[in-house]
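Engineer: Before we start, here is the structure in question, set down as structure tokens.
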Amino acid sequence: MEPLISPQPRFRLQPIPENPSSSSSSASITIPRSISNTSFFHEISQERLLLHHQDLEQSVQDDKEDQDSDSDETNRFLSQTRPLHRSRTAPAMVIIKDLRTKPPETKKPSPVSKSIIRQAIFLLIVYLTLGVSIYSFNRDHYSGIETHPVVDALYFCIVTMCTIGYGDIAPLTPWTKIFAVVFVLFGFGFLDILLSGVVNYVLDLQESMILTGIQTRQHHQHHHHHRFSAKDYIIDFEKGRMRIRMKVCLALCVVVLCIGVGALVLHFVEELGFVDSVYLSVMSVTTVGYGDRAFKTLQGRLFAAVWLLVSTLAVARAFLYLAEARIDRRHRKAVKLALNREITVDDLLKADTYQHGFISKSEYIVLKLKEMGKITQKDIDQVVIQFEKLDPNQIGKITLPDLLGDPL
């Protein structure tokens with residue numbers, strides 16, 4: 001039988017005896033220790049791991065060298081100063097500036113209101129000057145108790161312009177009657193509108209001053225927690241204006257004040273009784289003017305020239321605020337009903353503008369705004385026309401180049 005050969009090729013091949021006991025008898029043959037297959041593959045794997053680890057170290061070192069070279073090139077590139085050109089598709093700096101949040105500002109009267117005040121004062125002076133001049137040169141053509149020509153003329157002009165019509169001073173001749181007709185129409189139709197603009201300006205100025213004072217105090221106390229207080233009944237902080245009911249209360253207080261002041265003057269100057277003083281004061285403020293009572297003294301007519309002008313406008317403003325409050329209350333009810341009403345199939349079909357079988361959030365908002373009465377289809381059509389003007393390419397979008405006038 002042939003002897004077994006060791007499978008490990010890197011060792012010198014030596015014969016392995018078949019019987020181990022015969023090793024003692026043969027001294028010329030040396031028998032090495034046999035190596036198993038497990039230890040053989042284990043040594044090979046260790047060598048491979050060692051080689052792989054060396055390769056990894058070499059690759060890491062190469063990467064570091066590449067990074068160093070790239071950083072050197074980048075530094076050399078940055079060291080060379082080059083002008084940066086702004087892309088034409090980048091947002092304009094004006095638009096970016098406008099996108100910054102701005103603190104809320106208190107609404108202030110516009111310069112247009114100031115111009116209306118100047119026009120109203122100028123026309124009022126012209127109106128009164130013309131009336132006083134014509135009355136002064138034609139005193140014999142008017143009936144009534146005379147005190148002073150200028151005072152009587154001013155009193156007559158104010159009573160005519162405010163449409164009170166006491167009847168204590170009235171024209172007698174056709175010429176003075178024609179003048180009275182023109183004077184009434186001109187004063188009632190034009191100057192009264194301008195004076196109402198003056199009242200609006202004064203009230204808006206007062207409102208802005210109140211809002212500014214309250215907002216200033218809140219700015220100093222911003223670290224405190226907001227609690228519901230009496231100021232919330234006066235100011236609508238979300239809309240930045242006084243509440244309607246507060247405006248009505250202020251207007252009514254002004255009316256009561258005018259009635260009280262007029263009654264006191266009538267009682268002490270015209271020497272009327274308490275009931276007659278209040279009666280004439282109310283009839284004058286409300287522009288009823290039965291004519292059974294009127295101002296007869298010089299001091300009373302001077303007072304009436306200023307008091308009637310202020311009080312009649314205050315009463316008109318109070319009635320306007322009352323009407324505004326009723327309309328606002330009606331709108332709130334309509335909004336509440338529109339929000340609580342569930343949408344129907346007909347509503348979905350009407351609101352589905354693009355016939356998709358569903359409505360989006362914007363379409364739902366438009367539907368509810370229509371139900372609330374805040375917008376109409378005419379308003380939507382006007383907005384659509386404006387949108388089409390801003391979208392010259394008719395792509396259904398307004399892009400930045402369209403606004404800047406620089407199409408791509």
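Placed from the backbone N, Cα and C atoms, the Cβ positions cover glycine too.
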Engineer: Taking 1-29, 88-116 as the choices, which stretch does Swiss-Prot tie to region 'Disordered'?
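Structural biologist: The range carrying the region 'Disordered' annotation in Swiss-Prot is 1-29.
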Engineer: Looking only at residues six or more beyond either end of the transmembrane segment (302-322), which have a C-beta under 8 A from one in the stretch?
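Structural biologist: Non-local partners: 151, 154-155, 158-159, 161-162, 164, 195-196, 199, 203, 244, 247-248, 251-252, 254-255, 258-259, 261-262, 265, 269, 284-287, 295.
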Engineer: Let me spell it out: take the intramembrane segment (276-295), skip the flanking residues so only those 6+ beyond its ends count, and list any with a Cβ under 8 Å from a Cβ in it.
Structural biologist: 155, 159, 162-168, 255, 258-260, 262-264, 266-267, 270, 301, 303-304, 308, 311-312, 314-315
Engineer: I'm checking region-level scores; what's the whole-number mean pLDDT for the topological domain 'Stromal' (323-408)?
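Structural biologist: The predicted confidence over the topological domain 'Stromal' (323-408), as a mean pLDDT, is 84.
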